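Quick notes on the structure that follows.
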Amino acid sequence: MSRPVSEDHSVDNATPYHSMEIGSSLTLGQLLKNVSDVRKVDAGDETPLHSSQGDQDYDDLMRPVPFVLSFNNLTYNVSVRRKFNLIPRRSLSSSKTKTLLDNISGETRDGEILAVLGASGSGKSTLIDALANRIAKGSLKGKVTLNGEPLQSRTLKVISAYVMQDDLLFPMLTVEETLMFAAEFRLPRSLPKSKKKLRVQTLIEQLGIKNAANTIIGDEGHRGISGGERRRVSIGIDIIHDPIVLFLDEPTSGLDSTSAFMVVNVLKKIAESGSIVIMSIHQPSHRVLGLLNRLIFLSRGKTVFSGSPASLPGFFARFGSPVPENENQTEFALDLIRELEGSAGGTRGLVEFNKRWQEMKNRSPPASPNPNLTLKEAISASISRGKLVSGGGGGSSVVSHGGFANPFWIEIKTLTERSILNSRRQPELFGTRLAAVLVTGFILATVFWRLDNSPKGVQERLGFFAFAMSTMFYTCADALPVFLQERYIFMRETAYNAYRRSSYVLSHAVVSLPSLVFLSLAFASTTFWAVGLEGGPMGFLFYCLIIFASFWSGSSFVTFLSGVVPHVMLGYTIVVAILAYFLLFSGFFINRDRIPQYWLWFHYLSLVKYPYEAVLQNEFSDPMECFVRGVQMFDNTPLGQLSYGMKLRLLDSVSRSIGMRITSSTCLTTGADILRQQGVTELSKWSCLLVTVGFGFFFRALFYLCLLFGSKNKRR
């Protein structure tokens, strides 16, 4: 068969280079140091420290270095469980293996856009995830190489970026603030603030969003930027450090044709700056197709076409289905593939024809213009030309160690600033929470107004404390949506080492503390004197502390659950149920001594138990305070209905019977007696306070473990 006229000659020139081992090659750290020196000389800052390499090293570093990303025989299978209801009231289950990728091969290079096309369920997003190392190790077969060398996960995290299909942004930040925070995360501390701002301004110009720079992102309740601008901001966040490889999952999804063209045009400029751009796209327009360099069409995990847009008409003409004139080539191809998928033979014939087509195109030997650089050396030389924005030598540690651009305290500071700024522009959220606490406090204060020291007053105090302490935990349930809303932003940012998970956990805790302090003071001030609690100023101080500790442990508990539960409504259901159990076993409804042994463990795990016992001790710890005197012993009994004179005669009769004089003023029950009756004898109030605070730290640690092991953002 003769070679077709529309043959894609660019494919022949895109074969990966086979690097040669050079015994005297420098380490990546040394090369990066040389790169830093070259940059300083170009900027006129200082003389390079490693000038002994001579002009040849300078020329090698500044020479354009091509990158070729190749993938061969990528295969990905998943197990799908099926249930058969063949027998009434009994189901039989079996597993079936489904192939999502079937021996997919191809390649692309810097300066080009590789687009993966296909119908829904064809495997587009799966292929992007496979190339971006977002499929768990061991599940994916085949290999992905860059310049002929296997791509290590740590290296890929540094030199690449992944733009998700959904625009995951903080709604109350402006476009410029959003990109500036991304710069703070991804660019090293050694890069001056002024240069980070310059990088952001340059990127805003490149993305074509200068007119929207000071407009908030917006959401359903706040008007912000348009959909196309949101998509370009999402892309900007991930290319702030100018990555060598950029992956995008359907960046034009949901956009009109003009916005889609503008987005792909931005991607074209990014590719021409020396990046490899790989994206999935559903159905590109004619204008968008003109910006693409390579296409891969997938059908149910198999390749049905791989080549340049120019070779598409010739491919289908030779297959026997020529593209009609004045018809969108990709629309025709996708319609034909869908038609074949619905036929008896499926796309098997098209798959086999594509294999023969590829064999025919790859007859000529591949060209290798520069085989002498290893991958590390190529990355170093690329950095010297401005890729992977770094602060001079600051890029060395990041690239060579696959680590983070900033130390953890810088990450905590930046995360905290971003959260506070986003929250400050939504004052209604904290205002609603504060109002709820104040209304609850007001209701409790008016219901339990000025309790006395009678036996009835004691029972009412116990009820007030139980309800008040449980309210602290229920009020914290509104913290549940906070992380659920940020979950995918967090996963996107940590997937490529924007910051450490531990930094996020610490920042999350720091941001929550000021609001908890205000809520604690508001509730304590509303109820302490109105209810008539004991202890004076020191008693009020401890009351504030235990309320704050309750808020702290409650918010930590809810935060931990938000890391485990994926849905808000399910989370609320679990929180309400567990807090109800905590209250049941707190010791108010049933004393510790009366709880069955097989449930006693839950009593000690109850978050409500410790603040409840702490406020009881704070209230009843005064040894001089008496709560039952003389005839008050008959209160809360049927004898309480008798007249006062009859109670005195009964009291005199009891005195003669036990041989002890008891008058109407004799103290029969002190605060210590009440604590013993309630089973509050094991821990002091300060110990209860420390346990409550400790629970807060414990759940924060569990939250960190959830993020560490439960947010890998990889397919299994």
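Backbone N, Cα and C define each Cβ position, glycine as well.
Caution: TrEMBL annotation is automatic and unverified by curators.
Residues or ranges marked as domain 'ABC transporter' in TrEMBL: 69-325. Per-residue pLDDT, averaged across the domain 'ABC transporter' (69-325), gives 87.
Residues or ranges marked as transmembrane segment by TrEMBL: 430-451 (among others).
If you look up TrEMBL, you'll see 463-484 (among others) marked as transmembrane segment.
For the transmembrane segment (505-528), same-chain residues at least 6 beyond its ends with a Cβ under 8 Å from one of its own Cβ atoms are 408, 411-412, 415-416, 419-420, 423, 430, 433-434, 437-438, 440-442, 444-445, 448, 464, 468, 472, 475, 479, 483, 539-540, 543-544, 547-548, 551-552, 555-556, 559, 700, 703-704, 707. The transmembrane segment annotation in TrEMBL covers 505-528 (among others).
Taken from TrEMBL, the feature transmembrane segment covers 540-561 (among others).
Per TrEMBL, transmembrane segment is recorded for 568-590 (among others). Within the chain, the transmembrane segment (568-590) has long-range Cβ neighbours (under 8 A, six or more residues past its boundaries) at 462-463, 465-466, 469-470, 473-474, 477, 480-481, 484, 558, 561-562, 599, 602-603, 605-609, 612-613, 678-680.
For the transmembrane segment (689-710), the residues of the chain that approach it from at least six positions outside its boundaries are 490, 494, 501-502, 504-505, 508-509, 542, 545-546, 549-550, 552-553, 555-557, 559-560, 562-564, 607, 610-611, 614, 683, judged by C-beta separation under 8 angstroms. Under the heading transmembrane segment, TrEMBL lists 689-710 (among others).
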Non-local residues, at least 6 beyond the ends, that sit with Cβ under 8 Å of the transmembrane segment (540-561): 469, 472-473, 475-477, 479-480, 482-483, 508-509, 512-513, 516-517, 519-521, 523-524, 528, 533, 571, 574-575, 607, 611, 614-615, 618, 685, 688-689, 692-693, 695-700, 702-703, 706
